[in-house]
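For reference, the structure is listed below as structure tokens.
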Amino acid sequence: MAKEKVIYYCQSCGAESSKWMGQCPACKEWNTLVEEVVSSKKGARSVNRQEIKAKVTKLKDIETTKEERIRTKIGELDRVLGGGIVSGSMVLVGGDPGIGKSTLLLQVCKHLADDGRKILYVSGEESLQQIKIRAERIGKFTDSLSLLCETNLDIIGEIVKREMPEIVVIDSIQTMYNENVASAPGSVSQVRESTGTLMQMAKGLGIAFFIIGHVTKEGVVAGPRVLEHMVDTVLYFEGDRHAAYRILRGVKNRFGSTNEIGVFEMRSAGLKEVENPSEFMLGGKPEGASGSVVACSMEGTRPILLEVQALVCHSNFGIPRRTAAGTDFNRVNLLMAVLEKRVGLQMGACDAYVNIAGGIKMNEPAIDLGIVLALVSSYKNRPIDEKTICFGEVGLSGEVRAVNMAEQRVLEAKKLGFSTCILPEVSKAAMKEIEGIRLIGVKNVKDAITYVT
Ligand code: TYD
Ligand code: MG
């Protein structure tokens, strides 16, 4: 007989504990532990020695066929996936509620159905009518897309075996349940168990699965982080709900690189790819304002230009206020300390606010020089020439260190009409002259500041 016992699971990272605690010892989140009833199977069968048929294989004896990729024809998504969908793989698409996950996957279904591929879209969140209304906004669909409103995994499994589609979309994993698990849909054990069942289906039948998972800050639903280790690919859909653009970021990928990002814009007729993100990010940049400078960050193989803004002003309180939006707060504090100690700017008594315009998150060290110049420009109240762009990593002695792929960055700046580029001296020395853009190599922060102000 199965015996029931109570385990406390962290809704954020999935850590287990036998007693309740206010803070999760693994991920340090507060109030995320919830009680779940699990039934332990007694007398699990040990492996009979005669039954073992598995044998080891030498690496050189394994034959590989070139894995076939199914292209979604959404270029931004294909790139993040590493060239397309691998059959039999499992892709988790996570994101805040309302960010556009269902819309993105319905669009993927549309493109694949246009190619005549057999697709099954399983929704546990919306009714068939609601999906139809959304689909009508996106465009015309062909007959090879089938829909199913169901949350019971046994039934879904039977239908998948009967229909044998090439691709299945599960919207969302938190609504699915497995009858063998005692806890409620959305709980950690239920979400894990459901993913395991789907994974077996994916590998056994060679069907590619897309699973949607909601990211929840708090509440009773387990976040997609608890299944990251189980699936092949993890993509997160991020962006400000109030801004139009969305970024699809690869966090884990067994079949490709995780550095790539895809940029989309939410329109009234669904998501549209943004082919030139730099232009998009720089839209609305103020002219002749101090504290604003254009920097360049590499996202995978693609350079993206972005505007770094800073506001430095005298503090009215004893402890100055500092904030950083879109970049690392500690990095900003470090760069301010470098300015104070190595350049002699008295910023200790100033409030400082740093922002990457557009709400995008960028953490590449190459934008250090951008942050430094924006801070100095605001502190001295001197605008930086609009046609100037900068990049470079700043070290603790105030030196400007080399960054990779300097040439691609410069070419992107040139393409968007910039006339001057401030870059690390070392990177400049390793590069050829590029016509149409002036390259200024700097060794340390002081040189860069002298040049712009
Ligand atoms: P949705 O895909 O339902 O989000 P999720 O599945 O991640 O919860 O997207 C919801 C938002 O997208 C909703 O606020 C409306 C907006 N939207 C558009 O702006 N245009 C469209 O064509 C569609 C379908 C949705
Ligand atoms: Mg949805």
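Glycine is no exception: its Cβ is also placed from the backbone N, Cα and C atoms.
Automatic prediction, not curation, is the source of TrEMBL annotations.
The following features are taken from TrEMBL:
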DOMAIN    66-215  domain 'RecA family profile 1'
BINDING   GLY95, ASP96, PRO97, GLY98, ILE99, GLY100, LYS101, SER102  ATP binding site
MOTIF     252-256  motif 'RadA KNRFG motif'
REGION    351-453  region 'Lon-protease-like'
**Report entry** Listed binding-site residues with Cβ under 6 Å from ligand 2, out of GLY95, GLY100, SER102
**Finding:** SER102
Query raised in the report: Which residues in the same chain, at least 6 apart in sequence, have a Cβ under 8 Å from the Cβ of PRO97 (ATP binding site)?
Result: HIS214, THR216
Query raised in the report: For ATP, what surrounds GLY95, ASP96, PRO97, GLY98, ILE99, GLY100, LYS101, SER102 with a Cβ no more than 8 Å from their Cβ centroid?
Result: HIS214, PHE237
Query raised in the report: For the binding-site residues GLY95, GLY98, LYS101, SER102, which Cβ has the most other Cβ atoms within 10 Å, all shown protein chains included?
Result: LYS101
**Report entry** Outside the motif 'RadA KNRFG motif' (252-256), six or more residues from its ends: residues with CB under 8 Å to it
**Finding:** 67, 80-83, 86, 89, 228, 231-234
Query raised in the report: Helix, strand or coil: which one is GLY95 (ATP binding site) in, per DSSP?
Result: strand
Report summary line: For GLY100 (ATP binding site), the same-chain residues 6+ apart in sequence with C-beta under 8 angstroms from its C-beta are PHE237, ARG246, PHE264, MET266, LEU271
Query raised in the report: Counting every protein chain present, what is the number of Cβ atoms, excluding its own, within 10 Å of the Cβ of ASP96 (ATP binding site)?
Result: 17
Query raised in the report: Near ILE99 (ATP binding site), how many other Cβ atoms are within 10 Å of its Cβ?
Result: 22
